[in-house]
Amino acid sequence: MALRFPRFSQGLAQDPTTRRIWFGIATAHDFESHDDITEERLYQNIFASHFGQLAIIFLWTSGNLFHVAWQGNFESWVQDPLHVRPIAHAIWDPHFGQPAVEAFTRGGALGPVNIAYSGVYQWWYTIGLRTNEDLYTGALFLLFLSAISLIAGWLHLQPKWKPSVSWFKNAESRLNHHLSGLFGVSSLAWTGHLVHVAIPASRGEYVRWNNFLDVLPHPQGLGPLFTGQWNLYAQNPDSSSHLFGTAEGAGTAILTLLGGFHPQTQSLWLTDMAHHHLAIAFIFLVAGHMYRTNFGIGHSMKDLLDAHIPPGGRLGRGHKGLYDTINNSLHFQLGLALASLGVITSLVAQHMYSLPAYAFIAQDFTTQAALYTHHQYIAGFIMTGAFAHGAIFFIRDYNPEQNEDNVLARMLDHKEAIISHLSWASLFLGFHTLGLYVHNDVMLAFGTPEKQILIEPIFAQWIQSAHGKTSYGFDVLLSSTTGPAFNAGRSIWLPGWLNAVNENSNSLFLTIGPGDFLVHHAIALGLHTTTLILVKGALDARGSKLMPDKKDFGYSFPCDGPGRGGTCDISAWDAFYLAVFWMLNTIGWVTFYWHWKHITLWQGNVSQFNESSTYLMGWLRDYLWLNSSQLINGYNPFGMNSLSVWAWMFLFGHLVWATGFMFLISWRGYWQELIETLAWAHERTPLANLIRWRDKPVALSIVQARLVGLAHFSVGYIFTYAAFLIASTSGKFG
């Protein structure tokens, strides 16, 4: 018999129903469950797939560069970054009528185009790219890297080049390589690029390979480095009147600590960023030489962890046993990596708008909104994934004997206390926050707004003041001109920093009031509830009082039949599934808050946010309804405009989202009946019944239907908000 899909599971391949296809797709990447898998092949497959992933990333980024060079307007944007709309790529659509062609022909283009809201123009401009030729060169280089990655992936699957399991489990070598080789060297290389190419470009000097060795980044070259006069590199920075990209007002410094923003570009000083990357490079290059490999010196990770036994014995055996537990579990390692990456991605979202690194990006409001929202959603999915793999670790890889009385075992031993505390925090936050919102809502509805309960966030205001914000009147730390902290930084970074914090045109330490206090606690409710569901799912993954043998059923099971009532919805997968809804809900509140606060700031009517954000109807009417009105006006006598595509996407997003409920609310029996009726009709319809299928059609399993429903819910939710966000922002600010 010919091999049928899936080849990795002979049991599934012989299944006579459509379950073969869906289960095959569902388990395609679960290498551990495949036939004939060995630990060695598992590690090698994952290693090779990493190169495939890199190839895809390089190909994708190469495509960005190529399409902007081919169809964009980078060179004219460079001449006037604040007024020319950056073009992502052309739109080719044979169905377009003349009104559509006119509506989407903008940014100086000859035909319909998409505007770029990704910030790539600002990024490329900041790092020294200036011409389409530069972009083509970059695209070709990335294409080359993509090909190299594919070759490397293929190579490491060949018998002679397959790494051994011991190589994959050599923790110290991997740490040294990643810390020094990847983070350290790449940060140093980036410092070099900023100093040799980007900073000269910001001062009107065009450095490329042909003059790279002739143009000194600093008048004194390497002299100050070798004579120990490093402070010379910080002297004579760009002046506050510097015009970015020209020599006018430019200085000669390359590594500075100015603080604050470049007055014209509203972004961090390039020389500050070069200095930052040099410091990061130094730290990581040192860190990457700390672990014991070939020379018998340095730390051993196992010794480090085994030595971590807290004195007093109150935390048992501390970190004993953790080295082997982590080093032998890919799910544990993936969980740690995803947790770290998720937090970093969220930090990127927060810092990209408050401390913009790219020239002129702060004045491109739609791009700011899109990048914040994009990174927060990505962070949410990555963080929930961390807990999913944590749960799979507990089910598949955790060994109680190996971890007796260490911190991991103790987490499991007192999971009831952890879960109940999280539950208490969620309930407290939920009832109090909703209570305040509802009270205020009723007061507004009855025409007595003065009876609202409005709480000033005094602790947060105090923290902002400690960092130098003076408008609240707290005389503390950096907002106190007499304090030692103020005087210590006065001669270096502090003037630039204080200027940035107290200038109301940027997003650094926005002024906060009762509306912020309330939405902060609503977001805290969402974060704690999402965490509660995820933590409970992982800690109860092996078993609970209700179902002590849960680990024997695996990661995702629907129920243990009718014999044990109450075992439905308690698999670790079900916890992940529920948590994703809460994650999306929370990030919805986060992005609503960020976007509304910023559009009122950009429009100069902050009082709208301050007055309307303290009650629910304010959010519904003055944020959601008011800003979606352009997207829901249907056909009008003015015909098509450039927001029409977002109006369509807004509608389509709602459709996809609503489709999710079809899978979430009706289960197998309903679908099985429907499928059998459809199959009956098909077999009795002339012509149609000439088409037969080999697999008997059966309904999706409960778990699969939930996954399909969750996927539609998530995609529709994000599509809808993306269209709303981009249209409402670009409709106001271009």
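Heads up, the Cβ atoms here are built off N, Cα and C, so glycines get one too.
According to Swiss-Prot, the features are:
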type	residues	note
BINDING	Cys559, Cys568	[4Fe-4S] cluster binding site
BINDING	His654	chlorophyll a B1 binding site
BINDING	Met662, Tyr670	chlorophyll a B3 binding site
BINDING	Trp671	phylloquinone binding site
TRANSMEM	46-69	transmembrane segment
TRANSMEM	135-158	transmembrane segment
TRANSMEM	175-199	transmembrane segment
TRANSMEM	273-291	transmembrane segment
TRANSMEM	330-353	transmembrane segment
TRANSMEM	369-395	transmembrane segment
TRANSMEM	417-439	transmembrane segment
TRANSMEM	517-535	transmembrane segment
TRANSMEM	575-596	transmembrane segment
TRANSMEM	643-665	transmembrane segment
TRANSMEM	707-727	transmembrane segment
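Projection of Swiss-Prot feature records onto the structure.
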residue	record	Cβ neighbours (10 Å)
Cys559	[4Fe-4S] cluster binding site	16
Cys568	[4Fe-4S] cluster binding site	15
His654	chlorophyll a B1 binding site	15
Met662	chlorophyll a B3 binding site	14
Tyr670	chlorophyll a B3 binding site	13
Trp671	phylloquinone binding site	17
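Under the three-state DSSP scheme, the residue listed as 'chlorophyll a B1 binding site' falls in the helix class. Put simply, of 46-69, 273-291, 369-395, 643-665, 707-727, the stretch with the most CB pairs closer than 8 A to the transmembrane segment (517-535) is 369-395. In the three-state DSSP classification, Met662 (chlorophyll a B3 binding site) falls within a helix.
Cys568 ([4Fe-4S] cluster binding site) falls outside any helix or strand according to DSSP and counts as coil. For the transmembrane segment (369-395), the most Cβ-contacting stretch among 330-353, 417-439, 643-665, 707-727 is 330-353 (pairs under 8 Å). As a quick check, the transmembrane segment (643-665) and the transmembrane segment (707-727) clear the bar of 3 or more Cβ pairs under 8 A, pairs 6 or more apart, so the two touch. For the residue listed as 'chlorophyll a B1 binding site', the nearest neighbour among the binding-site residues Cys559, Cys568, Met662, Tyr670, judged by Cα separation, is Met662. The two recorded residues Met662 (chlorophyll a B3 binding site) and Trp671 (phylloquinone binding site) have their Cα atoms spaced 10 Å from each other. The DSSP secondary structure for Tyr670 (chlorophyll a B3 binding site) is helix. Geometry remark: Cys568 ([4Fe-4S] cluster binding site) versus Tyr670 (chlorophyll a B3 binding site), CA distance 18 Å. The residue listed as 'phylloquinone binding site' and Cys559 ([4Fe-4S] cluster binding site) have their C-alpha atoms 19 Å apart, to the nearest angstrom. Under the three-state DSSP scheme, Cys559 ([4Fe-4S] cluster binding site) falls in the coil class.
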